[in-house]
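Participant: Sending over a structure as structure tokens; questions will come in a sec.
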């Protein structure tokens, strides 16, 4: 066996634009939720806040599109092929769904939940961003497992995106049904809430943003300059053709609004290409902590079960600057707690390995 066969293949270089975008998505998510919960009516009416509120509509599309891009790049660089790809991602999918449903646990309505109250059950089973990313991840893993070319997989993702929008536009959309109009609590209601219902982020059409990220991951040039140009041109084209469509009056599933949002996100990604690689590398840990920060900051801001978050403890009463300061503190606390949990788990795992090693040594000692 030659020495070359023992050499570990060089690690693929990180994509600075992706690192920066993931970090921006996390920051925008925490600040958006905190400001939404705490800004006073007067602060919301300020011109700067009105402009910010329009831009905030890009936070979830950015978060999901970047997730799709990151997953596609990771799978493409990994060694898993075929069905090993979805098998390897199944744990992550289940974790996302578990956290998503766990954050919606209605501890304040246990008696109503036991009684089968449609309103409480519809709250528990509603889809949020984590649910969408989890299911989209599973679908994307299945597509990426196909023994097809990248171009053919791009076509599949495009077809799935068009199908998602078409199904999301079916009646009674854009009117949301009342909880009493949903199927009875159980599998029927879970499916109805996953696909639409009263969910804030139903799978249809929100999965299209994840699939758009997968398309970016499959088709974006490896060369940084060419990738920036491609993102800018694609984003500008989608952004420009939708400017005159009356976006403020369009429902979330309207193709014009979706194209507008994807175009704006692609333009932002092109702009983030200017972030130096060293700076992007320092931001990477924030992006990698997205799931932990999400799961921690939601209870802090909105509450969980019977725990009252800042939305009730403080309420919509703060000025813009005070709300921004609180948002920065929430971000720092969430990220710090995520790191503490991560380090505690690593220390616990290392300790368990040492205990097992010691026990094995005792067992083997004659």
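Just so it is clear, glycine is given a Cβ too, placed from its N, Cα and C backbone atoms.
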Participant: Which one of these stretches, 154-173, 174-193, shows up in TrEMBL as transmembrane segment?
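Facilitator: TrEMBL lists transmembrane segment for residues 154-173.
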Participant: Which stretch, out of 203-222, 343-362, is listed as transmembrane segment by TrEMBL?
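Facilitator: Going through 203-222, 343-362 one by one, TrEMBL flags 203-222 as transmembrane segment.
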Participant: Can at least 3 Cβ pairs under 8 A be found between the transmembrane segment (58-78) and the transmembrane segment (203-222), with each pair 6 or more apart in sequence?
Facilitator: yes
Participant: Verify whether three or more Cβ pairs under 8 angstroms connect the transmembrane segment (258-279) with the transmembrane segment (291-307), leaving out any pair fewer than 6 apart in sequence.
Facilitator: no
Participant: Kindly say whether the transmembrane segment (258-279) and the transmembrane segment (203-222) touch, using the definition of 3 or more Cβ pairs under 8 Å where each pair is 6 or more positions apart.
Facilitator: yes
Participant: Given the transmembrane segment (203-222), which of the listed stretches 90-108, 120-147, 154-173, 319-341 has the most Cβ pairs that are under 8 Å apart from it?
Facilitator: 154-173
